[in-house]
Amino acid sequence: MHHHLNTLYQGQSLSRESTRDAFGQVVRGEVDPIVLASLLTALKIKGETPEEIAGAAEALLAEARDFPRPDYEFCDIVGTGGDGLNTINVSTTSALVAAACGLKVAKHGNRSVSSKSGSSDLLDKMGIKLDMSPAQARHCLDKLGICFLFAPQYHAGVRHAMPVRQALKTRTLFNVLGPLINPARPTYQLMGVYAPELVRPIAETLLALGLKTGMVVHGAGLDEIAIHGPTQVAQIRDGEIREFMITPADFGLETYPVSAIQGGEPEENRAITAAILAGQGTPAHNAAIAANVAPLLLMAGKAADLKSAAAEVLAVLASGKAAELAARLATLSHQEA
């Protein structure tokens with residue numbers, strides 16, 4: 001480890017292999033907390049490279065609990081959190097809606113980072129079991145087209161870094177790792193990041209990790225596609241990254257103020273999500289979900305463009321199909337596979 005630290009102290013970047021080695025030691029609990037604090041701080045001050053982020057992600061995936069990966073195509077929709085704007089749970093709600101649209105979704109999530117309730121806080125409130133075994137989760141994915149993978153169930157080693165992360169009280173490499181370490185390893189992915197300068201590096205990281213199709217987005221201050229302004233996109237397709245901007249108009253949607261998708265406490269967010277899933281969401285809530293599910297339909301080849309994809313999502317929302325799916329998931333999640 002000290003060899004890796006000396007490289008960083010000289011202002012140089014670590015290779016992917018070196019970072020993989022360093023973070024392998026971290027998640028195995030072999031690194032003294034003071035040394036770990038130095039590692040995270042040195043990386044942060046230098047600025048983490050895509051190779052370093054990929055190496056750390058590979059280390060965590062290598063130590064993760066196995067998930068029985070299916071041979072069909074499936075996706076994840078996830079944000080880093082940490083945008084500080086406390087909006088409704090767009091990615092969690094979108095995951096349920098995407099499944100209601102016929103996609104297969106294995107969503108990786110954790111307790112809250114940015115909103116008052118993260119994906120796990122919301123699922124808990126909806127009666128969906130968080131600590132499903134990998135076999136149970138796979139059963140839900142096969143039968144219903146959706147499962148939720150609760151990060152601590154798969155990445156137990158990350159607990160070794162928790163005291164240091166809490167003591168540092170600043171963002172570190174761990175803040176961007178969560179969305180990159182889905183143990184199911186989805187075939188395509190929509191990932192939101194909390195800062196515009198992360199869009200390109202995280203897309204490069206996903207490409208380095210072998211993702212074939214995906215989008216990394218930052219929406220005017222949010223770690224998701226915005227309905228209140230433009231969204232910066234880095235699209236991964238056929239081994240290449242293309243960068244562009246999209247606006248609500250590209251989806252055929254109105255523009256709304258960000259206050260229209262303000263979130264609340266876990267119970268309030270559960271009520272908001274329940275209303276959206278049942279076809280009783282506000283126009284702004286529905287638009288936020290449509291904008292974030294539409295790219296997944298496009299990536300899956302189930303829509304020709306963003307406008308027709310968003311229209312399909314709005315139709316599924318109006319049908320209340322997603323509420324039915326959430327209720328079935330709550331029941332199935334408590335049954336043995």
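The backbone N, Cα and C atoms fix where each Cβ goes, glycine too.
Copied from Swiss-Prot, the annotated features are:
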{"type": "BINDING", "residues": "Gly79, 82-83, Thr87, 89-92, 107-115, Ser119", "note": "5-phospho-alpha-D-ribose 1-diphosphate binding site"}
{"type": "BINDING", "residues": "Gly79, Asn110", "note": "anthranilate 1 binding site"}
{"type": "BINDING", "residues": "Ser91, Glu224", "note": "Mg(2+) 1 binding site"}
{"type": "BINDING", "residues": "Arg165", "note": "anthranilate 2 binding site"}
{"type": "BINDING", "residues": "Asp223, Glu224", "note": "Mg(2+) 2 binding site"}
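Overlay of Swiss-Prot feature records on the structure.
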{"residue": "Gly79", "record": "5-phospho-alpha-D-ribose 1-diphosphate binding site", "CB count, 10 Å": "31"}
{"residue": "Thr87", "record": "5-phospho-alpha-D-ribose 1-diphosphate binding site", "CB count, 10 Å": "23"}
{"residue": "Ser91", "record": "5-phospho-alpha-D-ribose 1-diphosphate binding site", "CB count, 10 Å": "25"}
{"residue": "His108", "record": "5-phospho-alpha-D-ribose 1-diphosphate binding site", "CB count, 10 Å": "27"}
{"residue": "Asn110", "record": "anthranilate 1 binding site", "CB count, 10 Å": "20"}
{"residue": "Arg165", "record": "anthranilate 2 binding site", "CB count, 10 Å": "18"}
{"residue": "Asp223", "record": "Mg(2+) 2 binding site", "CB count, 10 Å": "28"}
{"residue": "Glu224", "record": "Mg(2+) 1 binding site", "CB count, 10 Å": "26"}
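Of all the binding-site residues in the record (Thr87, His108, Arg165), the one with the smallest CA separation from Asp223 (Mg(2+) 2 binding site) is Thr87. Each residue contributes its Cα atom, and for Glu224 (Mg(2+) 1 binding site) and Thr87 (5-phospho-alpha-D-ribose 1-diphosphate binding site) those atoms are 10 Å apart. Here the Cα atom of Asn110 (anthranilate 1 binding site) is found 11 Å from that of Gly79 (5-phospho-alpha-D-ribose 1-diphosphate binding site). Ser91 (5-phospho-alpha-D-ribose 1-diphosphate binding site) sits 24 Å from the residue listed as 'anthranilate 2 binding site', counting Cα to Cα. The CA atom of Thr87 (5-phospho-alpha-D-ribose 1-diphosphate binding site) is located 24 Å away from the CA atom of the residue listed as 'anthranilate 2 binding site'.
Under the DSSP three-state reduction, Asp223 (Mg(2+) 2 binding site) is assigned to coil, being neither helix nor strand.
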